[in-house]
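Can you keep this structure in mind? I'll have questions shortly.
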Amino acid sequence: PLFGTNEKRGQREQVQVKNPYLDTMEEDILYHFSLSTKTHNLPEMFGDIKFVCVGGSANRMKAFAQFMHNELELPGNPEDIRDICEGTDRYCMFKVGPVLSISHGMGVPSISIMLHELIKLLHHAQCRDVVLFRLGTSGGVGLAPGTVVVTDKAVDYSFQPQFEQVVLGKVITRSTELDEGVASELLQCSSELPNLPAVIGNTMCTHDFYEGQGRLDGALCSFSHEEKLEYLRKAYEAGVRNIEMESTVFAAMCRVCAAVICVTLLNRFDGDQITAPHDVLVEYQQRPQVLVSHFIKKRLGQIV
């Protein structure tokens with residue numbers, strides 16, 4: 001993976017980047033964060049980060065930061081949390097104690113750009129022992145709406161645990177297996193929380209919300225209802241329990257100490273449209289946040 005924390009004598013080293021050219025640069029401009037190694041003291045700003053939580057929506061990640069501020073009982077008003085990336089409207093970033101909360105937009109290209117700059121940020125800031133989480137929403141495959149899926153393997157459209165990237169006109173393939181220890185720890189945390197149904201399963205990552213996920217309700221549709229159900233059945237048999245649009249590149253770039261936690265908003269065997277009432281969807285979307293908060297507080301020794 002691009003992201004590494006080479007273990008040595010039980011101690012993890014600081015975040016590594018797999019790019020020899022970075023060492024030769026006088027300045028590294030993290031353009032989409034509106035940050036730079038020359039204009040900002042990154043070790044001072046971010047050196048104490050231990051947990052990084054990323055999710056698609058800017059509003060949701062701000063709400064998560066405010067939620068963590070309260071959960072960790074930090075001083076000050078959570079309403080006053082400032083967007084560190086306010087110089088750009090591409091992503092937003094909030095820091096609460098040892099937790100960094102960042103939005104990544106929708107789809108592989110958007111999260112991939114963010115992850116390159118995030119991993120470099122953690123490296124420049126000399127962060128150690130960092131755990132990364134993607135918190136999201138997804139379509140369930142054979143699961144009741146509201147179930148939280150902790151990803152075992154992030155798989156592609158053919159159910160393979162791999163991420164294909166075109167580099168200089170050639171397709172290269174990277175593995176997408178995630179940290180099993182973190183996943184089982186999260187599942188254990190879910191059993192300690194009320195109203196938090198969770199499973200470990202494979203997550204299929206697609207490059208589209210509509211046809212790419214076998215939806216019949218897009219502007220284009222080139223297949224039948226039967227073909228859709230057949231594809232979903234094959235996915236289910238391959239261990240897929242939910243579908244979203246970012247997990248493979250997240251896993252490929254962050255494999256060491258990373259987890260994907262997505263709630264299902266519907267069961268795709270039952271339909272394509274998200275019909276649950278707004279207040280129900282809001283509560284569903286809080287479930288991954290509550291689970292990760294519990295994990296973080298246990299790691300910090302705030303919950304025995």
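Just so you know, glycine gets a Cβ as well, placed from its N, Cα and C.
Where the annotation comes from TrEMBL, it is an automatic prediction and has not been curated.
Grabbed the feature section from TrEMBL, which reads as follows:
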type: DOMAIN; residues: 50-297; note: domain 'Nucleoside phosphorylase'
type: DISULFID; residues: Cys85-Cys92; note: disulfide bond
type: BINDING; residues: Arg90, Arg134, Leu135, Gly136, Thr137; note: phosphate binding site
type: BINDING; residues: Gln213, Arg215; note: substrate binding site
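Describe the structural context of each listed feature in the structure shown, including burial, neighbouring residues and relevant distances.
Within the same chain, residues at least 6 positions away in sequence whose Cβ sits under 8 Å from that of Leu135 (phosphate binding site) are Cys53, Val54, Gly55, Arg60, Phe64, Ile261, Cys262, Pro288, Gln289, Val292.
In this view, Gln213 (substrate binding site) is surrounded by 23 other Cβ atoms within 10 Å of its Cβ, with every protein chain counted.
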Within a 10 Å radius around the Cβ, which one of these binding-site residues has the most neighbouring Cβ atoms: Arg134, Arg215?
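Max Cβ neighbours within 10 Å, all protein chains included: Arg134.
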Taking every residue in the domain 'Nucleoside phosphorylase' (50-297), what is their average pLDDT?
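Taking every residue in the domain 'Nucleoside phosphorylase' (50-297) and averaging pLDDT yields 96.
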Would you give the longest CA-CA distance, in whole angstrom, between residues of Arg90, Arg134, Leu135, Gly136, Thr137, the set recorded as binding phosphate?
20
Using only C-alpha positions, which one of Arg90, Cys92, Gly136, Thr137 is spatially nearest Gln213 (substrate binding site)? These are the recorded positions in the record.
Thr137
Below 8 Å Cβ to Cβ and six or more residues apart, same chain only. Which residues does that give for Arg90 (phosphate binding site)?
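Correct list: His32, Phe33, Gly105, Ile113.
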